[in-house]
Amino acid sequence: EVDLEERLHELDLRSDSDIPDVPPPTDSTPEILKKALSGLSARWKNWWIRGILSLAMISGFFLIIYLGSFMLMLLVLSIQVKCYHEIITIGYRVYHSYDLPWFRSLSWYFLLCVNYFFYGETVADYFATFVQRREQLQFLIRYHRFISFALYLIGFCMFVLSLVKKHYRLQFYMFAWTHVTLLITVTQSHLVIQNLFEGMIWFLVPISSVICNDITAYIFGFFFGRTPLIKLSPKKTWEGFIGGFFSTVVFGFIFSYFLAQHQYFVCPVEYNSETNRFVTECEPSELFQMKKYSVPPLLQAVLGWETVNMYPFQMHSFALSTFASLIGPFGGFFASGFKRAFKIKDFADTIPGHGGIMDRFDCQYLMATFVHVYITSFIRGPNPSKLLKQLLILQPEQQLSVYKTLKSHLVEKGILQPSLRG
Amino acid sequence: VLSVQVMCVQIKCFHEIITIGYNVYHSYDLPWFRTLSWYFLLCVNYFFYGETVTDYFFTLVQREEPLRILSKYHRFISFTLYLTGFCMFVLSLVKKHYRLQFYMFGWTHVTLLIVVTQSHLIIHNLFEGMIWFIVPISCVICNDIMAYMFGFFFGRTPLIKLSPKKTWEGFIGGFFSTVLFGLLLSYVMSGYRCFTCPVEFNNDTNSFTVDCEPSELFQLQEYNIPVLLQSLLGWKTVRMYPFQIHSIALSTFASLIGPFGGFFASGFKRAFKIKDFANTIPGHGGIMDRFDCQYLMATFVNVYIASFIRGPNPSKLIQQFLTLRPDQQLHIFNTLKAHLVDRGVLGSLEDA
């Protein structure tokens, strides 16, 4: 039996040549599509398959948006699990470690733990009223961090106990691979869900901007592409990049304009404990109320208007689209580099013509984090109900001192009138 | 001063682990890579220190205009710094070395996760009160030493294939001695304010103070001894600090789970065929060798404190409160007031 340890040690890791080439992916295109396209040449056939699948994905996406935030949350969760699975499978293949004892169970266990931790933090915040009523949930919430940590520790100890003499290095590699994958997929997906709860528009506009940038950069590159952008992805061109940037900004503007008018998209998602459903109903915040803006003199000549009615959100959409066009592609390059490093053409063959789920979501990678950081830095402060919940956990003396500090602050600012009965 | 020491230990550990990565992958000459590792270390430290500094030095930060802006947009700034590093990484990918570079990228991130987060949790624990820093660390060290001694004198049954020198006798003996040690050390330390009080920054004197009314954790209380132990000890009640009960939990963790951190490090050393992490300390190896068992302890103490000892930090809550909109502030204020009136903590009339 070949000693895997020795084999790995001898490999010359300075070049990438030791990874065996992956056999070409099986063609998972459905039969019906194949028949319909049988007359076309290979290049156009690929185009058609990609086009049809894109339309199918986009329509599916719209359907789920229509079905509501809960379905969207489930969708995000399933995508996360699938991405995780794809990346872990690549790890197995790279290291020939599919038969490592325990390892598959441990990877799924860690995924479960980290999801439990994150969902516990978010769910507790948003379902405060639901949770207050159930005694067992109360207990779980109060000691949530401790329970999550204990669960993680169990996994950690199982890992240590599962170390087998000849496979130490492999096992450590897979352990690290699992953790990095968790860091990438699970944290991103939870930031996406937090953005979603802020208001569906914060979920839809960033994701569509990235998709739009992908598509328009491709189209501009196809028609006008001449100067290569980066050695890593030879198909990308500067013309595509710049064209994609401008089109995405315009798209973001127009798309936000339409979405900002509907409460369904603009309101934070809340859980109504009486009807046991998610509701998106509120007084639209000032971000989503039309305001008059003076057009800067430079643009006045171009557009011919002196003032324009816009939603303040559209200014933010400008920042979001810029990020999607300028930095989003780096996520794509990162994924391309990753695929080249491990000699894979696509992450998986889940979607015919498109590859795996990760292939579609590689540019989204950084977008979700950016949107989340953007929201917390520029849009809103902390969540008031979460703050209230934390205040109520404090010791009575602490609550009293906080109360006094708050009161003096509010009186100072004139928000509260200093009277005998405040 | 202690925080500076923790910081140095953290940097040294990071450096040791990254150097091992270079050696494993023969990647010392990778373009940019050394710079990028240090850059990422800087970014993550900036992020964590910014969060801690904002929490604990709140008033100081509010006074100085540049600090205020830095703290208000702290997350955004940290994220931007990280992004810059990320883009530099992507731009530095060189054709024949993709895999190596991705490995080192992954290696850096995992190391950051292990080393930097642990060190920041230690500093959080420290600010809670020096006793929360000293007792856990000493328990781990004591367990190390005791387990070794018991193993030396009585060791017979091996514990785990991974570390052939460890024995069950050492493990169990270490456990009981550490619990005892923890109880004694906490007893001695709970008497002194400088150990039990949270570290605060005094704006007037511009220095750190440890002066407070000791919380009930650190006030002697009478406990009834369970009947089983009464016959053994001959006492009916005993005067103990409540903190000593917590110290039992801390010592138990140090003895039972701490060693797993050590096994993890042993497995790591075996996997990468190194005897010690580095040669910094003669006879002991590198800094990581001394701190491998502490790895999980800091996280445990932090989670323990957050779950069982105290709730959220009141000054942080006030700080968050002040960033809310006036109508939200009013709503929270009224809810809090109603709650306090309900509990009888506040009379229904305003009192000064």
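For all residues, glycine too, the Cβ spot is worked out from N, Cα and C.
The transmembrane segment annotation in TrEMBL covers A:47-79, A:100-119, A:139-161, A:173-193, A:199-225, A:237-260, A:313-335.
Spatially, the transmembrane segment (A:199-225) is adjacent to the transmembrane segment (A:47-79); three or more Cβ-Cβ distances between them are under 8 Å for residues at least 6 apart in sequence. Pairs of Cβ atoms less than 8 Å apart link the transmembrane segment (A:100-119) most often to A:173-193, out of A:47-79, A:173-193, A:313-335. Within its own chain, the transmembrane segment (A:313-335) has Cβ neighbours under 8 Å at 201, 205-206, 209-210, 212-214, 217, 230, 232-233, 236, 241, 244-245, 248-249, 251-253, 255-257, 260, 287-288, 347, 358-359, 362-367, 370-371, 374, 378-379, counting only residues six or more beyond its boundaries.
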